[in-house]
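Straight from TrEMBL, the features:
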ACT_SITE  Glu303  active site, charge relay system
ACT_SITE  Asp307  active site, charge relay system
ACT_SITE  Ser552  active site, charge relay system
BINDING   Asp595, Ile596, Gly614, Asp616  Ca(2+) binding site
DOMAIN    227-636  domain 'Peptidase S53'
SIGNAL    1-17  signal peptide
Amino acid sequence: MLLTGFFTLSVASLAFTAHTPIKRVVHESRRSLPVGWTPVRRAEPRTILPLSVGLIQSNLENLEAYLLDVSHPDSPNYGKHWTPVQVADAFRPSKESVNAVHSWLVEDGRIGADRIKLSNSGSWILANVTVEEAEQLLGTEYYVYQHEESGKEHLACHKGYHLPEHISKHVDLVTPTLHFDAAVKRHGGVEPDQTLTSAKDIGRITKPKTGGVIHSIFNDLEHCDETITLACLRVLYDFAYAPIATSKNTIGVVEYTPQTHNASDFDLFFANFSKSQIGERPKLVGIDGGLIVPDGDLNSIAESSLDLQYVLGLIGTKRQEVQLYQVGDPIESASFNNLLDALDKSYCTSGGGDDPTQDGIYPDPAPGGYDGPEDCGTVTPAHIISTSYGYQEADLTPAYMQRQCAEYGKLSLTGVTFVYSSGDAGVGGRNDVCLDENGNQVTGGTVFSPTFPGGCPYVTSVGATQVVPGHKVTDPESAVFQRFPSGGGFSNVFPRADFQKSAVANYLEKYPPGYPSNIYNASGRAFPDVSANGLNYSVATNGEFRLISGTSASAPTFAAILSAVNDARLALGKKPVGWINPAIYSPQFNGAFNDITNGSNPNCGTQGFLATPGWDPVTGLGTPNFPKMLERWLLLPPFPVLIAGFTSEPLQHTATGSACGNLLGPANMSSDAGPPWMAYNPDGSMHFGGVPDRLLHHPEMQRRGIKLAGALNPGIVFRSTTAEDTQWAVKVLDLDTEELPIYERLLRESNKPRVHTIPCEIYREGHPLLIMPYLVQLDSLVIRDSGTIWDICFNNIVAALGEHVSTHPNSDLVFGRPYIIDFDTSRQLPLGPGDQHAIILPPTQLPPPNGLKHFDPYSWDIYCLGQVYERIVEVSDNR
């Protein structure tokens, strides 16, 4: 049996009727075979193929425009990501395509309708056909190919296949046809004597660049040029952040079985570099039978140990869950498509579409295999997904890459960020394999060979840098030049993306590489986008520390730092960053990355490209400057739905009559006394997530033992460290508003059952501060007290849970009670409901209905409250 799903039928069951050939056009072709494969014989005509026809998706030509609408910082819809249902509806293949392909199979292929079915997702049409039938349908010839090193056999068609012209426009690709068992590599370096021939065996490719056992463990910053630790990375990228929105934020790391880890190595790593995290483990999300294989050797644990130890360590707290997407069982293993199937039900090829030559097929009937159903839309994607595996583009066909790339874009529409390593072989492939002038992969080739999916515009590609030997950790880094060259260049499949046209044109104009036009595709999508250190990470493996290198280290490092940006945005009621490429290339992000101007990425008999000022195809835009990245992303919308409310018992006939103000505080930014009280970096730039010294060392904070760790609302509201059992929030009150007298009055009347003011204290010595318990926000709860009317902004409804009541010294907290915070834009009006005349609404982030500008403030409050209840229902439904 050549491959899973192929079998033969008796002659009696093969009633095939010859008919007049129809005119066809070339649909897919390849100029050369993948390295190592040779045709050895024609395929047996009676062999049965599980033919899968991938249908063209609707609106795919609009995918980039849809993405730019929610991802470009100049768009008014920035951050307004789509729901999975909206994505599925927008891109579902049309009925016209389904009917056309079905009719073609029945009428031209003489395939019985009972042998044809539509996949569960509606994206594939499936039919078991003989090789003879497939050759007639596709105008091609099938051969058995053999790999010269492994001896493995594979069935594929010769050079290309054809479709009727009227059918071709409805079809993305057909499998199995041209798609060979490409070797997917872990981007961490490989040993030259090891070869792999199966794409679905991603996890079996050789280990990252691993060094010998480390006998001296350094925790200082003096040896960062020899070994990288968490402390080195924090200094390199000015990364100091205490997570706040740990219940909202998510990050996932992808590993492919048999890649695994030993749980005890986490504690060895944490004991040396982050003692508070001892005992922490990633949350296993098994996909298609994915599991942790115990007692792995160095080859099988290096990748997973590297990725997870540094993502967990950089996030730095047990409160933030890190998801491990372990894909594939130990027998069949898996491919990128198996992961995407699990993330997106509308893409899922369950019931057909997976290519046995590329993808893991489940259930797996082999002894010890996963015999459950294929995971199809079973996993909610994390906000950021980091992967350190990849192909050479020359391993695959353009149609296969384009379909998969489009899926990364569709998932990005929902707010997911895909981070991929750029590769560890410079401008070519591993073991000095590049392309010849005909596009063949050959040892010693001179034409550059780009990687995939780094060339897909909808992923963020990460290259590698290093600390120069003998230099300090505070000195500028170089493109990596020890142990491996960082992957980078220009795609031969995907055109240059609009978001990077200016940056790439600047590079080509000011620093032309000087190679002939046939050596690289200057008009292709350029990568990497960014970079991070990738050399000599100190990693615990099997009870010992070793140095591990590769863009395998760079990608999870960048992903973990970016996750802190998501945390800060989510803590402020904003959305995750999603597809970041349009933002990071925009003028708004100038200076947000440390420009790398030294080094190159040699291969293919050349020095490759050079790192230069600005973007370059070695290190991209540069390495992260976390404070500047954070500042820029916090300034981007959408702002949360911040609305006004009113008290059920007027404060001398009081109502707010206005919406809550902007997250960055009132307009009196120059006021020295009132908010915002901003924190600053050593270079004078604002540190939006930081706590100003005047609060860190405030005598009242010291008296109470409150250790403030980060900003909830930059410059205005701050919270204590998550390491403390008792959580506090401190607000700097603005004396130009009515918030102080409103709080004074509410606190006097707090014994009234319908006043839901949070129990708090007003500190009055010097500038007034509001000191209150830090409680859970509304979107972590299902609010049931539907008869209560609150003085509210949506994100300013909190509630006390059991852990707060039992541990907090404030004895006035009532378990389960909702509390209201923040009245900085509220107003006390002279008259009560029914008597108060309409007022002109101040600027509001909740648009008034029908564009009205004059409103009875009490009616306005009721309208706003209705919006809050809608949001409560939405949150409840999502949970």
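Here the Cβ of each residue, glycine as well, is placed from N, Cα and C on the backbone.
All annotation found in TrEMBL is predicted automatically rather than curated by experts.
Taking the Cα of Gly614 (Ca(2+) binding site) as the reference point, the closest of the active-site residues Glu303, Asp307, Ser552 is Ser552. Sparsest Cβ environment among the recorded positions Glu303, Asp307, Asp595, Asp616 (other Cβ atoms counted within 10 Å): Asp595. Excluding Asp595, Ile596, Gly614, Asp616 themselves, the residues of that chain whose CB lies within 8 A of the CB mean position for the Ca(2+) site are, in sequence, Thr597, Ala611, Thr612, Pro613, Trp615, Thr619, Gly620, Leu621, Gly622. For the domain 'Peptidase S53' (227-636), the model's pLDDT averages out at 92. Taking the Cβ of Gly614 (Ca(2+) binding site) as centre and 10 Å as the limit, one finds 16 other Cβ atoms among all the protein chains shown. The recorded positions considered are Ser552, Ile596; of these, Ile596 has the fewest other C-beta atoms within 10 angstroms of its C-beta. Of all the active-site residues in the list Glu303, Asp307, Ser552, the shortest Cα-Cα distance to Asp595 (Ca(2+) binding site) is found for Ser552. In terms of C-alpha distance, the listed active-site residues Glu303, Asp307, Ser552 place Ser552 closest to Ile596 (Ca(2+) binding site). Taking the C-alpha positions, the distance from Glu303 (active site, charge relay system) to Asp616 (Ca(2+) binding site) comes to 27 Å. Counting only the Cα atoms, the space from Ser552 (active site, charge relay system) to Asp616 (Ca(2+) binding site) is about 20 angstrom.
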